[in-house]
Amino acid sequence: MLQVEKESIAPSPELLSEGIAAVKLEKKKDDQPKDQLENEPSQNVAPEEGEKKKKKKKKKKHSKKKNITIITQYYPNEIYPEGEWSDYKQDLELDDNLKRSTNQEKKQLDLINFNKWNDLRKGAEIHRRSRKLARNLIKPGMTMIEIADTIENAVRTFSGGDKLNEKITGMGFPTGLSLNHVAAHYTPNAGDKTILHEDDVMKVDIGVHVNGNIVDCAFTHTFNPKYDPLLTAVREATYTGIKEAGVDVRLTDIGEAVQEVMESYEIELDNRVYPIKCIRNLNGHNIAPFQIHGGKTVPIVKNGDNTKMEENEVFAIETFGSTGRGYVISQGECSHYSRIPDSEISNGYPPTLKLNKAKELLSTIDSHFGTLPFCRRYLDRTGEQKYLLALRNLVQSGYVRDYLPLVDTKGSYTAQFEHTIIIHPTRKEIVSKGDDF
């Protein structure tokens, strides 16, 4: 029909007579009783219904595309929403904090870093939208690769950056999808057949960066409510860490407060009660440009570290709880890697690489990721092939650091919650805070 409509063909006498007959038939139908007409079968019903279905399908497809688009479409002025603000803890030993929120000089100093804070807020908004999508789409039966691709494709689409080059904007690090006793540093490699089950406890750790400013935020996803006490304990411990954080606060004091809250909980699984323990060798950390670990660690137990938080620092406050021993070891197939800056390799004198493939791979890493963490799937996306020997050589030569999965006792369950906060001169900002947590 479409082709006929496009062609300009003069109607023949036979066609005209058929048209007149059709008009007479319609007139005859108009003269018939209404109920008789309703019972009479019509050849036009099926096509009309088909057209409606087509229209509905098109609308559904259109709305799906509309939901995932570059974030600047929502914020054309490029000013992104602030996170949740919180005054610093009122402490007599830190009486400076009492005056910070109203100090005009400090407010002006804070404006100097507006572009950096705005980049972090942009990354946080991308993070909120991506994790909302993930929560709605993650279902039992999905493979880990399907889940990782869903999240990472959303981040890259919202970011609007080069989909093959993460250095400008996009993924801040590979999406962590650690299951059950695996607490951190697991993301699927190509060919991984692992499937998410209804009784699994999955830590979803997503990093988004804008111009090297990284938002690090994580939550734990479950389908079975029996794990709720574990999730509650870890979530409350994380918010305790955020509450305690502030200018000149000692890191050990944050860890002590977190431990007190976390270990006040317990969970009953299969008629057995388990105390919920802090995973004592996992920590939060400060974040530097293009470096997810900036040098300071925020413990989740009291450890005697008297290092203090300072103005204008960015921290990932994260806590991990476990029904196991509360201590993790490195075990399993590696997926996470990061480039070590040349200045930190052999006191600034990196060794000469002998393998040509290792040199080529290092060039790919430098051009696509820089010092941002990456994984094997990310190397696959750049077109690299048969690179495992070269990657191993880079690790052994000190150019690249590998991060194996971190696991507690097999059969135990671990959970994680994390937010990125900014230590402003006046107040702190939970930049990654959302409606979900």
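Cβ coordinates are placed from backbone N, Cα and C, and glycine is handled just like the others.
Feature annotations, reproduced from TrEMBL:
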BINDING   His185, His293  substrate binding site
BINDING   Asp205, Asp216, Glu418  divalent metal cation 1 binding site
BINDING   Asp216, His285, Glu318, Glu418  divalent metal cation 2 binding site
COMPBIAS  26-37  compositional bias 'Basic and acidic residues'
COMPBIAS  53-65  compositional bias 'Basic residues'
DOMAIN    120-328  domain 'Peptidase M24'
REGION    26-65  region 'Disordered'
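Overlay of TrEMBL feature records on the structure.
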residue	record	Cβ contacts under 8 Å, 6 or more apart
His185	substrate binding site	Gly176, Ser178, Ser335, His336, Tyr403, Leu404, Pro405, Leu406
Asp205	divalent metal cation 1 binding site	Thr175, Gly176, Leu177, Ser178, Ala184, Asp216, Cys217, Ala218, Gln416, Glu418
His285	divalent metal cation 2 binding site	Ile292, His293, Gly294, Lys296, Thr297, Val298, Phe315, Ala316
Glu318	divalent metal cation 2 binding site	Asp216, Ala218, Thr238, Leu282, Asn283, Gly284, Val298, Gln416, Phe417, Glu418, His419
Segment-level pLDDT (mean, integer) for the domain 'Peptidase M24' (120-328): 97
Chain-mates of Asp216, His285, Glu318, Glu418 with C-beta within 8 Å of site centroid, divalent metal cation 2: Cys217, Ala218, Gly284, Phe315, Ala316, Ile317, His419, Thr420
Binding-site residues compared (Asp216, Glu418) - highest count of Cβ atoms within 10 Å: Asp216
Other CB atoms, at most 10 A from the CB of His293 (substrate binding site): 15
Neighbours of Asp205, Asp216, Glu418 excl. site residues, C-beta within 8 Å of centre, divalent metal cation 1: Gly176, Ile206, Gly207, Cys217, Ala218, Ala316, Glu318, Gln416, Thr420
